[in-house]
Amino acid sequence: MKISEEHKNLINWFPGHMAKGLKEIKQNATLADVFIIVLDARCPISSYNEDFDAISPHKPRLFVVTKSDLMDKTKKTAIEARFKGSKLLWLDLRKQTSRKEIIKSLQLICAEKIKKDKEKGLLNPKIKAFVLGVPNAGKSTLINLVSQKKSLKVANFPGVTRAKQWVNIDNFYFMDTPGILLPKLEDQNAATKLAMIGSIETKIFPTMFLANSFLDIIHQYYPEKFKNEFNIELPTDQLDETSKYNIFNQAAINKNYKINNKVDLNRIYKYFVNWVRELTQVTYD
């Protein structure tokens, strides 16, 4: 089966609500005292949208790396080097201790503004924080944690948060925004990684294409995990379409996936894609 031209470029996923959201953020950036940029620990570099750099570049940033319980801990030093000079929090947003870390960091980052506001006579100054990131990174989950209630609709698929929303929490105003991706992802590897962690909707793509794309990343970063699951040692050379077909064919045989006494490739493609999305202890950067 050949991949059509329209599916060769994995992802140009930029719905209207996201384009509108980016425009509104630029228009309202002057309201923000601090930006909270939420990154997924499974690909914190690929899930960072560098368009954020152009939005009020002189205002402080707090990078919150979520889902750190799913990451490959051996990659932490390399990731920190990439964001050297920035404040990074590595958090599991299911834990209440993460709430304290976020609040404490915001108070430190905004200490100078709070001091100046009090000198102006404001007894209880509010800090306005914009929460930004790619879809499904955990923006609404972060706000729910800080507010200690399910104030925003949260689901584990991209595109749930649609419109700009303000959430008032103690001495903070948090603005949750629609997830924002680059209008066009030139780096197909980065696009594939975002698809693997659920930041990009993939329903329009053939399962075989997704499986082949995901296999390239697994081959690059975690061939040993593939071997443990499918009892196949991936070659060290770059994979082409023929080698990928042979690998999945053997994987289906090893899993005893057959239909009418023939190897069921569709089933192994689906199994592999779902297996990738459930992987833990991984970081694809």
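Even glycines carry a Cβ here, placed using N, Cα and C.
The model shown is predicted, which means the values in this text are computed figures rather than measured ones.
In TrEMBL this protein carries:
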type: BINDING; residues: N136, A137, G138, K139, S140, T141, G179; note: GTP binding site
type: DOMAIN; residues: 19-183; note: domain 'CP-type G'
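Here the features listed in TrEMBL are placed on the structure.
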residue	record	CB count, 10 Å
N136	GTP binding site	28
A137	GTP binding site	29
G138	GTP binding site	24
K139	GTP binding site	28
S140	GTP binding site	25
T141	GTP binding site	20
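DSSP assigns G138 (GTP binding site) to coil in the three-state reduction, placing it in neither a helix nor a strand.
Over the domain 'CP-type G' (19-183), the average per-residue pLDDT in this prediction is 83.
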